[in-house]
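Participant: Got these off Swiss-Prot a minute ago, pasting:
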type	residues	note
BINDING	Asn65, Gly66, Gly67, Glu78, Asn109, Asp110, Ser135, Thr136, Ser137, Ser140, Gln188	substrate binding site
BINDING	His74, Glu78, Gln188, His196	Zn(2+) binding site
DOMAIN	50-209	domain 'SIS'
Amino acid sequence: MTQQCNCSEGSCGGTRYEELVLERMLYSARLKESVARRDSDVIVAMASMIADTFREGGKVLLCGNGGSAADAQHLAAEFTIRYRSSVHRPALPAIALSTDTSALTAGANDLGFDEVFVRLTEAYGCPGDILIGLSTSGNSASVLKALEFARKRGLKTLALLGGDGGAIKPHADLAVVVPHTGSADRIQECHIAVGHVIVELVEKMMGYD
């Protein structure tokens, strides 16, 4: 049920705000559609790589900063706990590198923040594992360095990026780049949508659907 505004006409900007809601949400939907149509094959390939890694006893590491750190943690939880209550399966090993406050602050203090995810990848990553880097700009130094290190260590690398992919894209075996610049919000919305689809695909590929 739609509630009517009781203020004098126009004083609360109701119609203007409703137009903003439509503009933002419809643009977000169009952006997701653009990514889906352009990169559906890449998304399927990412899911296949992750499923193969889990089957072989490997794990997934994820890293990002700010909202991307939250997205990394969100997706790790979907793997380790569950995605949908209708699917019953074992836990799948995924670790968000942005969740340990002591490790993050010690690394930032002793090594510099750009080296934090490198150090954690060194601690937890093994050849054959996967590191997923999330960066709305495609240029986050800490994520870039972690992906560079991961490749040298023998990990596979995936990335969810924005803009033109930035400096990180060449260091990812597979990357989904959201074609948006100027703000992180719409990119993050696409990243979490892509991540959810990947988790669902992994479950299906592993026979848990």
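Just so it is clear, glycine is given a Cβ too, placed from its N, Cα and C backbone atoms.
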Participant: Between the Cα atoms of Ser137 (substrate binding site) and His74 (Zn(2+) binding site), what distance do you get, rounded to the nearest Å?
Facilitator: 20
Participant: Should His196 (Zn(2+) binding site) be counted as helix, strand, or coil on the basis of DSSP?
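Facilitator: DSSP call for His196 (Zn(2+) binding site): helix.
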Participant: Taking every protein chain shown into account, which of the binding-site residues Asn65, Asn109, Ser135 has the largest tally of Cβ atoms within 10 Å of its Cβ?
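Facilitator: Within the set of binding-site residues, the most crowded position is Ser135.
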Participant: Return one of helix, strand or coil for Ser135 (substrate binding site), based on DSSP.
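Facilitator: Assignment for Ser135 (substrate binding site) reads strand.
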Participant: Same chain only, sequence gap of 6 or more: which residues have a CB within under 8 Å of the CB of Gly67 (substrate binding site)?
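Facilitator: Residues satisfying the criterion: Thr136, Ala184, Gln188.
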Participant: So of all those binding-site residues, His74, Glu78, His196, which one's Cα sits nearest to Ser135 (substrate binding site)?
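Facilitator: Closest by Cα distance to Ser135 (substrate binding site) among the binding-site residues His74, Glu78, His196: His74.
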Participant: What's the CA-CA gap between Asn109 (substrate binding site) and His74 (Zn(2+) binding site) in angstrom, rounded?
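Facilitator: Cα-Cα, rounded: 26 Å.
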Participant: Just the number: how many Å between the Cα atoms of His74 (Zn(2+) binding site) and Asn65 (substrate binding site)?
Facilitator: 13
Participant: Between Asn65 (substrate binding site) and His196 (Zn(2+) binding site), how far is it from one CA atom to the other, in Å?
Facilitator: 19
